[in-house]
Amino acid sequence: MRSIVEAYLSDVHAALRDERGGAVADYIPELAAVPDDDFAIALCTTDGALYAVGDADVPFTIQSISKPFTYALALADHGVAAVDAKVGVEPSGDAFNEISLEPDTGRPRNPMINAGAITTASLVAGGDDEERFARVRALYSACAGRTLELDEAVFGSELESGHRNRAIGYMLRTVGILEDDPEPIVARYFRQCALRLDVRDLARMAATLAAAGISPTTGERVLPEAVVERTLGVMTTCGMYDAAGDWVTAVGLPAKSGVGGGILAVLPGQLGIAIFSPRLDAHGNSVRGVAACQRLAREMELHMLHVGRPSRSAIRAAFDVVDRPSRLRRNAAERDVLQRVASRGRVYELHGDLLFSGAESVVRAVTEVADELDALVLDVRRVDQVADVARRTLVGLRAALAEEGIAVALVDPERRLPAEDDLAPPGWDGDGIPDWDGRFTAREPALEWCEDRLLERHGTAACLVERLAVEDHPLVARLPEECRGDLVGALARRTLPDGEVLARRGDDAVGIGLLLRGRIRLAVTGADGVQRPLWALGPGAVLGEVSLLDGSTQLTDLVARGEVELALLTREAFDGLEGPTREALLRALVADAYVAVRRTSGALAERLG
Ligand SMILES: NC(=O)CC[C@H](N)C(=O)O
């Protein structure tokens, strides 16, 4: 099938095919001989999808596009302070080969001009010259996804003609920026510039930077994230030399050009672009390359400052817990309270990458209703990456809500947000990591938790009954006085540990269970073996009545949630009841079933309107 993405690239390629402006670099004799009309465009995504059009197989030398990668290696080797002591990060406004140093510090202004690049070449760690160059070549190759070879002819040509760079090297030695003989350092800089690649390799190198240092080919980390961030910053302001201002305005992508005719551009987090066309403008940037990047940025909306729409809220859904209640069958008193205090328990479902703006939208939404809140659930199951600032912001929200007496629980199976029992995330400078009032791996128990908090705050004595004496169970209480003793005497007491299965769907009926303590989950286990919760029952509920009444097998799995105490009336015990007791029990059970059906249908009618 025709590639849609390559069509974008082909359109730009066709539009610029006849652009004849510029001329190949001639100050390096070997480059002067390069065919000047080759033209290729490539794009690579951070997960490695690569698209290329035009003369994509034609090799060329990387030249100054090498500079950000050697700068990154020096940063990784020595850290920011040590590199900053030797080279600045300010745009020079000069040409790339300007023999210029900062008057006050004696440093080259930035690592993208030759003076800065020779300096960073000197900073690459290694035992000897060969090892240092081997490390440089290894890094470039890891970013390109294959081993890059040296173009000996171009290397030899620049070694022979590179007098201006030697002058820069000796000037750097004079002011102490270079601390050793400049000759081998300048020669190693020439070697890095003469490494040969094609536009696909260059697009992968760009995508490695776009992926914050992860190779799109192998998925391995080849550079530290913070190093890449700094390198991209310097590329944005200095990468296109004294055309950097026009570039950031018109293209808006961190980029680097080279006199071999290449341009590399990066859209952080998304993709890398590479262009090859040897004819250069007065700044030493590829004429077609600059024009192609301008078109791509415009037509594919790639400008890093392009804001098509304000960042979407991180809130996928927000609702009162009463609008999507838990599956726990509450008793009448509990239901009345929950209806009355409906909006004091809320659930916020978040999604996507959580950056500052997303976390801020959550804080703002919660703050607006905090005065009417008692309990809050943050469901982060659909959240992907969480930026540190977003993590700190949500933990800060939790602390602020706790000060207001508002309980906060998480639904966070992937543990995206820190908790007291976690190690503080790297770079954490927040306050102590609090423990959340609840942490769940699924939403259902979090909804129950939220309802329980409201019932604790606003409930009556008939709410959240921890444990019922069997005589107080509603089913017993509903029998005529003279029948109760007969029923109670026929009940067998059972205690189930958390997770114990009282019965499975399809088993013979276990009889009637009067729930006295804990909660029972009614579930069905599908052919795939996954247990799907249906309802949950708490103290005061009756279970198993339908199977007992119509002799069917168990309709659902019955699973203890926490330790459970119940009083069981088996089929045999039921048959052994005295006549009036059995009659009264049947009437109560049918009435119970009738109330349940009426309540459910009433709720549906109300919700469906
Ligand atoms: N801008 C460039 O690509 C210059 C690189 C070339 N090797 C030089 O030092 O002059």
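Just so it is clear, glycine is given a Cβ too, placed from its N, Cα and C backbone atoms.
Record features (TrEMBL):
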- S64, N114, E158, N165, Y189, Y241, V259: substrate binding site (BINDING)
- 347-417: domain 'STAS' (DOMAIN)
- 475-581: domain 'Cyclic nucleotide-binding' (DOMAIN)
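Location within the structure of each feature annotated in TrEMBL.
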residue	record	DSSP class
S64	substrate binding site	helix
N114	substrate binding site	helix
E158	substrate binding site	helix
N165	substrate binding site	helix
Y189	substrate binding site	helix
Y241	substrate binding site	helix
V259	substrate binding site	coil
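Here the domain 'STAS' (347-417) returns a mean pLDDT of 91 for the predicted model. With DSSP classes pooled into helix, strand and coil, the tally for the domain 'Cyclic nucleotide-binding' (475-581) is 28 helix, 44 strand, 35 coil. For the domain 'STAS' (347-417), the DSSP-based tally of helix, strand and coil residues reads 33 helix, 25 strand, 13 coil. Checking the binding-site residues S64, N114, N165, Y189, Y241, V259 against ligand 1, the ones with a C-beta less than 6 Å from an atom of that molecule are S64, N114, N165, V259.
Of all Cβ atoms in the shown protein chains, 24 besides its own fall within 10 Å of the Cβ of V259 (substrate binding site). By neighbour count, meaning other C-beta atoms within 10 Å, the densest spot among the binding-site residues Y189, Y241 is Y189.
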